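A.B. asks: According to TrEMBL:
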| type | residues | note |
| --- | --- | --- |
| REGION | 1-26 | region 'Disordered' |
| COMPBIAS | 12-22 | compositional bias 'Basic and acidic residues' |
| DOMAIN | 42-138 | domain 'PPIase FKBP-type' |
| DOMAIN | 260-352 | domain 'PPIase FKBP-type' |
| REGION | 515-579 | region 'Disordered' |
| COMPBIAS | 515-537 | compositional bias 'Basic and acidic residues' |
| COMPBIAS | 538-556 | compositional bias 'Acidic residues' |
Amino acid sequence: MDAAEQNHLLPKKKESETEDDKRRKRIVPGSLLKAVVRPGGGDSNPLRMVIRTLDGVVVESTRSECGGRGLPIRDVLGKSKMILGLLEGIPTMHKGETAMFKMKPEMHYAEKDCPVSAPGNFPKYDELHFEIELLDFAKAKARSHHQTKITIASDDLGVVKKIVNEGEGWESPREPYEVKARISAKSGDGQVLLSPKEEPYFFTFGKFEVPKAHDLEEVHFEVELVHFIQVRDMLGDGRLIKRRIRDGRGEFPMDCPLQDSRLSVHYRGMLLNEDKTVFYDSRIENGDEPLEFSSGEGLVLEGFEMCTRLMLPGEIALVTCPPDYAYDKFPRPPGVPEGAHVQWEIELLGFETPRDWTGLDFQSIMNEAENIRSTGNRLFKEGKFELAKAKYEKVLREFNHVNPQDDEEGKVFGEARNMLHLNVAACLLRLGEWRKSVETCNKVLEAKPGHAKGLYRRGMAYMGGGEYEAARNDFNMMIKVDKSSEADAAAALLKLKQKEQEAESKARKQFKGLFDKKPGEITEAGSEIREETKTREEVDETKDNEEDDETQEEESTTTVSTDSKWSEKAWPIMKNVMV
């Protein structure tokens, strides 16, 4: 039995009942009668209405010849607030049809809890005739590169959109995309607000302004989306901007190198001065040889990598980057002053995704895992704990699909997985996420309760979070389960004792003289204590990092593999990984 047949046999979910469905249940037979005055089939433009008493007196109308304003009513079935008679009657009509509906009071404004208020002096408790002409109807769709008519109304509809000519693709512009469009606008009575132009408007999405149209209940826009340029605010604060200047191949973002990949690019670096001084051009400086790098390894400038991950093969993008995402943390090339904002014109030539582990034998899988873990170890030593954690977690995700075939493979696999969890815990420890570090260590200790390094790492996390008794228990347990770890456990217990003493000292200072000072003096004293505490904690954190480095080195010896092409040239956006 296939999936389709299985789904067919499953009980169908009961659709939730809408308010309109509940209203329809209250309809009494004979309370709504319809007579077709003129059949449909015409091609006019949404809904005209004349309401009369049974003896022919006009009560309300949209037609100018009957005292109305001459503007049709626009409603969206299922969205607009409507009287019950129209909610039930309009779906029975054809385009261009005129029909007469005879409604009991409970089918119009006398309905209990009617969502629409009756006009002033309206005979809501009378039986009435509603003459309805359905001028037009359309189904709205969300598509790009199309021509559309948009109506902005002052009632509960807000904006109603009708597509005239279908567009292509699925991506739609949004802030801060640059848009090229032909736009015209008229009021509901035909007054021209914005004249059509041969040349399209070019503007930044969200910043286009049309002439003010005060006191207009309805405005009709006709918009043809000619073209748009993808512009992305990478940080959300306007500092790192990626602007696509040539489309690439494929669909965004499915065909972008979102995951860690091997990328090949050409780029040109410029200063943001009047002359747009070029300080580097890969096509000139390196004989047209492209830059190749692996993303997710901290080898290139952060702003550069963030933007290339959102490019399609063949795409050219112009990236404007602030100094903290450019050369503040990397060696500055000649001609780039300190604190400079820069611009890169980047062409993504192509990329290779990581090797698929499907079909690999166990040893090959473990070799791939070790290569990624080694990269994580290098990133950890460089202080890039988020990137290191991402590498370890990537392998752990892949491990979810690995099935060892015998006890020996199971033992190797289990030890490797435990090591990765502890490496993740070490990263979390450095990032100050004590509780998450504890939870990660628990995964190791649940599988192997007497894991000495797991106890040590969890004890350090407990200590960092101020849970001193729990930390002491873990360090003491280390000695019981593994005599060879006694020296490490003793050093950790000594450090724990110092931490407890410092915490007690801080508490005494914080409350010293609390009740013999004036309120203003208490506040001042408290701020001094907080500043002193902060300084001491910074010193302690540095000391913790230095001591923990030794443990990390014991757990994971780092071997940095280097590409000869990277070491031969000093790429201005790339750190030299040769050590």
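Counting begins at 1 with the first residue displayed.
Just so it is clear, glycine is given a Cβ too, placed from its N, Cα and C backbone atoms.
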A.B. asks: Can you check how the pLDDT averages out over the domain 'PPIase FKBP-type' (42-138)?
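C.D. replies: The average pLDDT of the model in the domain 'PPIase FKBP-type' (42-138) works out to 87.
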A.B. asks: Could you give me three numbers for the domain 'PPIase FKBP-type' (42-138), the DSSP helix, strand and coil residue counts?
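C.D. replies: Per-class counts: 15 helix, 24 strand, 58 coil.
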A.B. asks: How many of the residues that make up the domain 'PPIase FKBP-type' (260-352) does DSSP mark as helix, as strand and as coil?
C.D. replies: 14 helix, 36 strand, 43 coil
